[in-house]
Amino acid sequence: MILMTNSNKMFFLFILFFSTLISVSSNSWLGCWIGLEINLLSFIPLISTHNNLLNSEASLKYFITQSIASINFLFSILLSLFLMKNFFFNNLFSIFINSSLIMKMGSAPFHFWFPNIMEGLSWFNCFILMTWQKITPMILLSYYFNLNFLYFIMISNVMFGVIGSFNQTSLRKLMAFSSINNLGWMMLSMIISENLWLIYFIFYSIFTFITCFLFYIINTFFISQLFFFNMNFLIKISIMINFLSLGGLPPFLGFFPKWIVINYLMNNNLFIISFMFIMSSLILLFIYIRIIYSSLLFFSFKLKWFKIFIKNNSLISIYFFNFISLLGMIISTFFF
């Protein structure tokens with residue numbers, strides 16, 4: 001196992017970012033596949049550390065699932081290269097390529113590896129897995145998708161994201177299922193327009209980053225840890241604001257991209273899909289409120305001799321984003 005120093009980490013991170021650019025800017029399917037492979041091989045050293053068994057297990061699981069998806073992807077692009085003349089096959093191959101990409105980004109119904117791997121990662125790696133690792137498969141999916149198949153995938157995404165979140169005590173798994181739910185919204189926004197996908201993705205990444213960062217600062221991995229923790233009150237408020245934004249509650253900024261998507265669905269008479277999406281968001285909000293409850297609203301012990309000092313300069317930016325998030329809908333109303 002590689003001993004991870006900071007320079008090593010920077011090196012693999014750079015390759016990770018670069019591989020996404022290779023995939024996105026490639027003009028052949030084979031180039032996209034090469035970018036995906038480099039991405040996989042650069043992410044594995046980032047997640048495996050030699051002193052933690054969970055990390056090693058997560059990196060092995062990640063490698064196996066991603067390589068299976070890559071083999072499927074390569075297989076389908078080579079087959080479609082040989083048999084592209086036939087229209088029926090064309091339809092079939094779009095489903096093949098779509099499912100391999102969907103498995104790569106950890107979207108339902110191929111999502112079973114995703115929460116398990118998240119459980120073994122640090123918060124920083126969780127953030128990368130939930131945001132950056134979704135970019136390449138999403139953009140490749142937007143090149144060539146089967147619409148009916150994608151509708152089925154989106155609905156299963158929002159459903160599984162909600163069903164999996166029940167009875168979870170691990171914050172990492174909860175974030176994973178929330179990410180699965182958001183993938184459904186992202187696919188929908190990608191079908192509508194790539195700019196809308198970009199807007200949604202940027203908002204989602206910001207909220208995910210702040211949440212992961214807050215949990216990293218207070219070193220928390222389970223809901224029960226939030227329950228006993230006498231944190232800075234502002235951190236509790238920040239967790240609350242970000243979770244409500246992530247769930248898409250109207251006064252917060254997280255509702256803004258969802259609002260545009262719902263608007264489009266309503267204009268195009270896709271009522272059943274919009275109903276499913278809105279209901280799933282509602283249940284997810286209930287699950288988020290469960291987390292907020294345990295950190296904010298319960299009476300918690302305050303021990304006089306137990307004080308945690310957190311350097312304030314790192315939190316100023318977070319408070320700034322919370323402020324923007326609170327004022328977000330007012331700003332976006334001006335925007336419209």
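Placement of Cβ uses the backbone N, Cα and C atoms for every residue, glycine included.
As recorded in TrEMBL:
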- 26-283: domain 'NADH:quinone oxidoreductase/Mrp antiporter transmembrane' (DOMAIN)
- 1-26: signal peptide (SIGNAL)
- 62-83: transmembrane segment (TRANSMEM)
- 95-114: transmembrane segment (TRANSMEM)
- 143-162: transmembrane segment (TRANSMEM)
- 174-192: transmembrane segment (TRANSMEM)
- 198-221: transmembrane segment (TRANSMEM)
- 233-250: transmembrane segment (TRANSMEM)
- 270-293: transmembrane segment (TRANSMEM)
- 314-335: transmembrane segment (TRANSMEM)
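The transmembrane segment (198-221) makes no contact with the transmembrane segment (143-162), as judged by fewer than three Cβ pairs under 8 Å among residues 6 or more apart in sequence. Among the stretches 143-162, 174-192, 314-335, the one making the largest number of Cβ pairs under 8 Å with the transmembrane segment (270-293) is 143-162. Packing against the transmembrane segment (174-192) from elsewhere in the chain are residues 105-108, 111, 114-115, 118, 126, 130, 134, 138, 141-142, 145, 147, 150, 153-158, 160-162, 164-165, 168, 199-201, 204, 208, 211-212, 223, 246, 257-258, 260-261, 264-265, 273, 277, 280-281, 284, 287-288, 291: each is 6 or more residues past its ends and has a CB under 8 Å from a CB in it.
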